[in-house]
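Taking it in order: structure first as structure tokens, then the write-up.
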Amino acid sequence: GRQIFQPLHTLRNAEKELLPGFHQFEWQPALKNVSSSWDVGIIDGLSGWTTFVEDVPADTISRRFRYDVALVSALKDLEEDIMEGLRERGLDDSICTSGFTVVVKESCDGMGDVSEKHGNGPAVPEKAVRFSFTVMSISIRVEGEDDGITIFQEPKPNSELSCRPLCLMFVDESDHETLTAILGPVVAERKAMMESRLIISVGGLLRSFRFFFRGTGYDEKMVREMEGLEASGSTYVCTLCDSTRAEASQNMVLHSITRSHDENLERYEIWRKNPYSESADELRDRVKGVSAKPFMETLPTLDALHCDIGNATEFYKIFQDEIGEVYQRSNPSREERRRWRSTLDKQLRNKLKLKPVMRMNGNYARRLMTREAVEVVCELIPSEDRREALQRLMELYVQMKPVWRSTCPSRDCPDQLCRYSYNSQQFADLLSTTFKYRYDGKITNYLHKTLAHVPEIVERDGSIGAWASEGNESGNKLFRRFRKMNARQSKTFELEDVLKHHWL
């Protein structure tokens, strides 16, 4: 294999055409508050900021592409696929010049500990946030047809290859002020693009595209931050509906999606003005936990990866409690719990070669949530009834899981999709009877979503897996690698180089 990542000074003109800022384009009408020049490469993420953020010189903390320029570059990358798609559908490309619709998935995720290389320059926070987008599909409306015809569908929506970095920043995702300051311009550009059409040459003809953005690649923490909701320990357990934790543990299955960005904005205004002069508690109940200004529109969904992790953590705790037969007794001591835990870890390590992990990660979660794992845990459980209940619980879970994992459930697991509501109802019944000791007035956020919202989201989006943040997560690995191997050591250039390599 030829080494493809060359050092930067060797980026030849061939690569220049692959980077944003090479292709001409225009917007009709022109974008509001966005310059009309098209040959813009990597820009400073804090363009227009002069103040120093806590003495981190502002010019080192963020680099990004201009959103519209990056989208153009992504579309030009897909030029052949678009032409191919038109041919396959038997459409004459010379008449298909307008009516193209592009659906874009946006993801944004914080990375802890991107620890410092020994370069020179100022100290920056040891955290990074990446904002990226994926072109999910392109369709065209043909005259006389009601529905659009899809001419391109991203086959691997979760691969790091289809996930294009737009903005890299060294900030902590909990630092709301800096985060919003850097993403502010991105939000403004996105808003402007939704009201305009892009004219670019594809296959030798000028064609017009309009864009739809769906911010689904966010984990719960990020969604709460962007949409102004309280943090995830809040009594308002869900980013999709207004349920409180107590309600969600009573009624586990019957909820529908009610929250939306616009409603959150309205609620924030009520929170700010308190028009009915209510007490803090009444007011909070009225706005259902919206207590900051929603900053970016996300499309609330369920993040498949963290859903796995959240539910596995929950099952891990159930396993522990079952080993200690907690259902028979109240509040066991810390000592006892620790003992059950080490028993569980030892068993999993011996029988399944599962090493105990500090923080639950995706791979551990996937291995834990299997029938084999339950068999192994059951060996430690004295009562036959409890073993059956536990096996039944896992059986239901294994049935439900493909529905929110797969890229296209109606194609990959239609039966499980049909049975999902029934299965989740059974699952909830088991929890509220046999495992009542854990779900009395409390339930974890992801478990609530898994039980209550999956069918509705699948109905709305056609898939949960495809819209998840997985591609962005795999991109995090690349970020670390490029930062080590392919970037100049000085702070001022570092993000620039990482961004450039990552795009290529």
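Placement of Cβ uses the backbone N, Cα and C atoms for every residue, glycine included.
Here TrEMBL flags 1-25 as domain 'V(D)J recombination-activating protein 1 DNA-binding'. As annotated by TrEMBL, domain 'V(D)J recombination-activating protein 1 pre-RNase H' applies to 26-98. The domain 'V(D)J recombination-activating protein 1 RNase H' annotation in TrEMBL covers 102-234. Among the features that TrEMBL reports, domain 'V(D)J recombination-activating protein 1 ZnC2' is placed at 236-298. Marked as domain 'V(D)J recombination-activating protein 1 ZnH2' by TrEMBL: 300-462. Residues or ranges marked as domain 'V(D)J recombination-activating protein 1 C-terminal' by TrEMBL: 470-504.
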What DSSP reports for the domain 'V(D)J recombination-activating protein 1 ZnC2' (236-298) is 27 helix, 3 strand, 33 coil
Rounded mean pLDDT within the domain 'V(D)J recombination-activating protein 1 pre-RNase H' (26-98) lands at 79
The domain 'V(D)J recombination-activating protein 1 RNase H' (102-234) resolves under DSSP into 26 helix, 55 strand, 52 coil
